[in-house]
Amino acid sequence: MEYTEVMVRYGELSTKGKNRKDFINRLASNVEKVLKDLPQIDFHPRHDRMHIVLNGAPFAEVDKRLKKVFGIQTYSPAIKIPKTLEDIEKTSLELMQETFKPGMTFKVNTKRSDHKFEYDTNQLNNLVGDYLFDHIDHLKAEMKHPDLVLRIEVRQDAVYISNQLLHGIGGMPVGTAGKAVMMLSGGIDSPVASYLAMKRGVDIEMVHFFSPPYTTEKALAKAKELTGILANYVGKINFIAVPFAEIQETIKEKLPEGYLMTVQRRFMLQLADRIRAKRGGLAIFNGESVGQVASQTLQSMVAINDVTTTPVIRPVATMDKTEIIKLAEDIGTFDLSIQPFEDCCTIFAPPRPKTKPKLDKAREYEARLDVEGLIQRAMDGIEVMPIYPNEKFINDKIEEDQDLL
């Protein structure tokens with residue numbers, strides 16, 4: 001049967017009290033964004049759920065996209081029918097025949113907001129159940145843990161019947177927690193951190209440092225394409241490319257090898273903070289995991305964080321690498337993340353970086369440089385572009401150019 005609409009149930013929104021309306025409106029806006037190329041769809045957000053009227057749009061495509069909208073707890077494709085027992089029985093049978101397999105158990109679950117309807121919930125459960133028993137062989141009822149639940153909702157305008165309860169990804173609607181910047185590399189961790197930030201309702205913009213001619217066009221394209229994968233969850237993400245070669249060259253030329261990485265990261269954080277302030281963000285997110293590499297020891301974090309009072313949030317800080325990889329595979333970023341295109345974090349990496357850098361030394365070495373001039377020139381060279389779901393940037397020409405190197 002062709003579904004006519006989808007009933008969307010909210011996740012944590014039920015705990016948000018007086019702000020509930022704002023959260024529901026944001027979720028509705030986010031759902032509209034991911035379905036905007038299906039113009040026939042109508043949206044009706046309500047206090048307890050959202051109705052999406054398909055108007056002929058394919059449910060399979062809608063289903064694929066709703067699975068990636070934060071703030072949805074569950075949803076069910078449904079069929080809207082007239083309020084007659086004959087229509088209810090006929091539609092219930094057709095839905096059950098599509099999904100029932102011998103040996104399965106079932107339950108009819110009726111809810112009624114129209115209390116003037118001629119049958120109460122128990123009567124309708126029994127009538128529909130008896131009708132299904134008469135028309136489907138080997139059908140068994142199970143009240144506690146059935147394999148199939150046929151849900152019937154009697155509302156003022158019509159009856160809605162569904163036979164599936166699909167799970168969303170939960171979390172909070174993106175945008176309800178405010179705006180922040182994400183320091184996106186081309187690796188495994190920062191895309192996962194981006195996903196987790198969005199899941200908590202944060203509207204993120206990607207900040208990516210690139211260092212031509214030391215980094216290739218393909219490395220930049222990889223970061224953009226990772227952003228395109230993550231844009232599936234929100235409809236669009238702004239990508240901010242920051243030129244970083246002059247800063248890296250200057251640090252390498254003038255500072256001791258052991259502190260190259262520490263001072264480089266201090267510059268990155270200062271630039272991210274400038275961009276955050278300029279674009280109205282409230283926090284900085286990154287993909288650091290405690291102790292994973294030299295720059296991510298607690299001592300390194302102290303020496304690097306010193307340059308800002310802005311909250312620096314690390315969603316994967318306490319996760320094992322295997323946990324991060326599993327989540328990267330689940331969200332679809334892993335295969336691209338492991339492509340071997342060197343980014344600016346790897347090309348200037350010293351062979352023996354300090355794992356326990358001293359804050360006073362980091363400040364002393366950084367003070368030898370024209371910090372403000374270097375930062376301002378990098379800020380003058382930033383480029384901002386919107387990236388949409390699944391946009392491709394690693395094209396054949398880039399691959400050919402890479403082969404010639």
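Cβ atoms here come from the backbone N, Cα and C positions, even for glycine.
The ATP binding site annotation in Swiss-Prot covers M183, L184, H208, F209, R265, G287, Q296. What Swiss-Prot lists as domain 'THUMP' is 60-165, and the listing cites sequence analysis.
Counting other Cβ atoms within 10 Å of each Cβ, the binding-site residues H208, G287, Q296 show the lowest value at Q296.
Around the Cβ of L184 (ATP binding site), a 10 Å sphere holds 28 further Cβ atoms from the protein chains shown.
When secondary structure is read from DSSP and collapsed to three states, G287 (ATP binding site) falls in the coil class. When pLDDT is averaged over the domain 'THUMP' (60-165), the result is 94.
In three-state terms derived from DSSP, L184 (ATP binding site) belongs to neither a helical nor a strand segment and is classed as coil. Classification of F209 (ATP binding site) by DSSP places it within a strand. Within the set M183, L184, H208, F209, R265, G287, Q296 that the record links to ATP, no two Cα atoms are more than 18 Å apart, and one pair reaches that distance.
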